[in-house]
Amino acid sequence: MKALVAFILLVQLPIHRAAPAAPPPPLGCDDPEIEAAAEFAVIYINGHSHHGYRFALNRIEQVRVLFQGPNNEILFLELDLLETTCHILNPTPLVNCSVRTFAEHAVEGDCDVKLQKVNGQFSVLASKCHSHADSAEDIREVCPNCPLLANLNDTDVLAAVSSALNDYNSKNPDVYLMLLEIGRAVKQYHPVQMVSVEFAVAATNCTSQQAKDNLAACQLLPEDQSNFGFCTAKMVTEPSQDLIAECQLYGHQPGVTYPHPGQDTSAGLVPSAGQGFTNHNLKISHNNPVASESSSSEFPSLLSAKSVAKRAAAEVAQHDKVPHPVGFVPPPPLCPGKIRHFKI
Ligand SMILES: *[C@@H]1O[C@H](CO)[C@@H](O)[C@H](O)[C@H]1NC(C)=O
Ligand SMILES: *[C@@H]1O[C@H](CO)[C@@H](O)[C@H](O)[C@H]1NC(C)=O
Ligand SMILES: *[C@@H]1O[C@H](CO)[C@@H](O)[C@H](O)[C@H]1NC(C)=O
């Protein structure tokens, strides 16, 4: 008997070796390996963004994996992101940054990312993102009184930012802060007339008194001493005037820079790059010369990935026609993956 078993094993072994390697099972959008790739991609995207806020992963929409060889894969991901409350200059870890709620007028980011995974190490080969605020109709439907995002160059918004910064600088005279960019703004009409603004600032080499005497001589601190911060302010205009402004300086963060629109680093209200929009576009922000802004031909397979998913769904449906044993739970669809925050 033992001899027979050994004989069978001997016979089977070479056959087994000769059999072609089974194709790896398709990976779903919520597969831990895909989630790890998406998290890597989100860190990359935030790290290469120079304006506005950091984004958090909301959903993995689509994935396609090309096996290049042992321990070598190319991954195409289609990601839905949501804007967080952390400005890109804010050093808070992303997990501690809260996602803007739907009622705060959410901004969604859509990204196509091409990654390579070699021996467990990810690298981003290409990425393409854009972001857009949720439509006013969507918000109105759920929340008729929620304030909507205002244009960043709206006259009332600029007035609120200017008043808030002057107010803060007069109450904190040691370091004169200068505006870097307005991050977002909302205008509200009921029950009070109010403008809420958020803006990024940086410390200059002046005190408030020096700025008052000669503003033109005040410069942003040099890169090795840079000190960025962020302000939020609410300016009520009706029924009575009121202003609350709060700023937080993050302290010097080695290696963190802010690209200046134009060469004007003198203090005062520097118009932020781009005007006439309500949110900083992730596409504009995302300007890594090597890996971003790549042509859409870098992502040819995402469409076909969709048809792959459709085919998989069709196969599942086909499979469902076969009678299943009692208690059979059909497998979840591979993509899109779960929604982490909310659907917009
Ligand atoms: C981030 O959140 C974790 C867990 O809630 C907390 O322990 C940590 O102190 C937070 N870090 C910052 C910088 O807020
Ligand atoms: C700030 O820096 C500029 C440029 O280096 C210099 O001209 C100016 O005197 C400095 N201002 C103060 C108050 O140190
Ligand atoms: C805002 O910017 C847009 C585009 O540059 C411009 O058309 C519009 O007049 C600006 N609005 C204000 C209030 O400056």
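A Cβ is built for glycine as well, from the same backbone N, Cα and C atoms used for every other residue.
What TrEMBL says about this one:
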- 1-18: signal peptide (SIGNAL)
- 21-130: domain 'Cystatin fetuin-A-type' (DOMAIN)
- 141-250: domain 'Cystatin fetuin-A-type' (DOMAIN)
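In terms of DSSP secondary structure, the domain 'Cystatin fetuin-A-type' (141-250) contains 31 helix, 48 strand, 31 coil.
Residue counts of the domain 'Cystatin fetuin-A-type' (21-130) by helix, strand and coil are 22 helix, 57 strand, 31 coil (DSSP-based).
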